[in-house]
């Protein structure tokens, strides 16, 4: 049995056993063939029975499990992830996890474990993740919990209510942690050097409501911690006294205060704390509250003189309840001289005083996104000698309205190269503007502009004008290398002659319906094109180009997922890469040409066949027959001019003209005969003459002979008689047989004539002269009848 089928079978047994063993439970586990079993939020009161080695991952979080027994997981020897968070577990047997030698992820968070045991983890040497947060223990126990976990990389411990003490032995055996999270909101005791036993910590998240023990912890972490994050800390009463630091250098690179409460006085203490960090430092204040007016202690700050090695300062969502009483920050100007990167985002900043801007002499990057900056206040901020080394300024989503005034205000920033003024409401663009002379990057996305002018600086190398109302791009930017123009209304690619240096073009989600190889080739330096999300017309040429160019996938960064056909309608929604059109759609001209040639050849063949088989004659006869069908069956009496129409071969004219005419027309009373030589109207179509003559004659005499059946005109006359007059109940035809004729000599198409000759009597010209008088007598009688 294949391995996958065996696994599925075993998991099926697991599920069925769990149903049998726990019929009171709301629902059982759901497991996939890979051994991942999901039992979240199913009101389970115990770990399902019947679990086997096929289970690789088991998630039983958000249930009502209260107890983990020694046999519950004994057979799960291949288990790698066990999630038991958010249950009601109060007891875990000592050897509950003893068989889980492959376990890498263990989550016991938010249960009712008041006592932790090191015996739980003795067999978990491969464990990498352990979460013990949210349990009501006061300490981590009497013996080191983690000494048997050499591969542990992420550890979460503590709670926000009862966890009160960090002991010296708590972290013994741990040498390196990628992340350590400690819930210590009510921490009361910290044994010195407790955290120093961990030689290296990449990221420490410390939930500490009261920071009284922070200085001791901070000192222990200076030589081992790279990133310290304090959450929900109230610094209102924080006091950082001078401490003795024996470490010549620190490894700390980042310090974050998240949802912290700070006062004017505690801000000074925090600055003292940061001053002990050597090396470049990034400081972040996220969603913090400053309960003050910016009245910082000048005397205390004078002793510090700088923010140590803080190079990056980030402030997001800073709330200042007494903002309307806030000072001008003049007291901290001296601390800002070494800061290189500042981000103040979504903090209601409407002005950076000119004097502060002038003190930021090392500033290279300034982000004031989602604030209240306008052109009037920006002019004060970007005053003469302000931000002398600033190369990147971000003013995204502020209150800027005039592109002309914004450019004019920023001309003082001689080294500015990157400017982001996106998500402001400029609406229109003036014909000309002033800009810093070194501008290379400009972001005007989401600014509602509907046309481009020469206001844009010619020095640009990167331009972002996405998400606007642009219908076209016809601006020459000779140095532009990257153009971002997605989510506009462009119908075609820009003209490559305007952008000779372009290497990146992102033009997705416009109204472009096609592009060609010639267009792409015209961009000589283009390396990346993103054009998905447009309304492509999947024509044969477009499909041939996109599907036939293997190298195109290297240029189209979003190929093939975002390239869908919009038309023709029968392929709408299909990927361009997968679309196939029929031969008639792709080679319409060729198909039409072939069809026309075939029709022409068919006509030629039909003409040849008609000529060979007298098709034209047949058609004429058919037309004559149709006309005759519409006429009365017999002509009115007044229209009958002849006693008989004589149909004969030219070869038999002597007999007709010298014998029959003499006998009939010179008889008393004479018979009037219709002969084609004598009575046909000149210039009239011969078929019409035949039809009229037959219709104007009482009888039709056919002089049959071998010559007759060979004569074309006799055939016409005989054919018409066959169509119009021959009827088994009609006696208008008189057949005279001049000489014996074999029936096979009569054409097959005159089937009625054959039938009449078999069923009716005909006159036969006698060879014996003595019998000829009787022949003429019978003929006269037939005509009169």
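Using N, Cα and C of the backbone, Cβ positions are placed for all residues, glycine too.
TrEMBL: automatically predicted annotations, no manual curation.
Pulled from TrEMBL, these are the features on record:
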- 1-21: signal peptide (SIGNAL)
- 31-37: disulfide bond (DISULFID)
- 354-383: disulfide bond (DISULFID)
- 433-455: disulfide bond (DISULFID)
- 589-613: transmembrane segment (TRANSMEM)
- 640-783: domain 'TIR' (DOMAIN)
Between the Cα atoms of residue 433 (disulfide bond) and residue 383 (disulfide bond), what distance do you get, rounded to the nearest Å? 19
Residue 455 (disulfide bond) and residue 383 (disulfide bond), Cα-Cα, nearest whole angstrom: 22
Cβ-Cβ under 8 Å with the transmembrane segment (589-613): same-chain residues at least 6 beyond its ends: 583, 619
Compared by Cα position, which of the disulfide-bonded residues 31, 37, 354 is the closest one to residue 455 (disulfide bond)? 354
Row residue 354 (disulfide bond), column other C-beta within 10 angstroms, all chains, value 16
Among all the protein chains here, how many other CB atoms are within 10 A of the CB of residue 383 (disulfide bond)? 17
Residue 354 (disulfide bond) versus residue 31 (disulfide bond) - Cα distance in angstrom: 64
These are the disulfide-bonded residues: 31, 433. Which one scores highest on other Cβ atoms within 10 Å? 31
With neighbours defined as other CB atoms within 10 A, the best-packed of the disulfide-bonded residues 37, 455 is 37
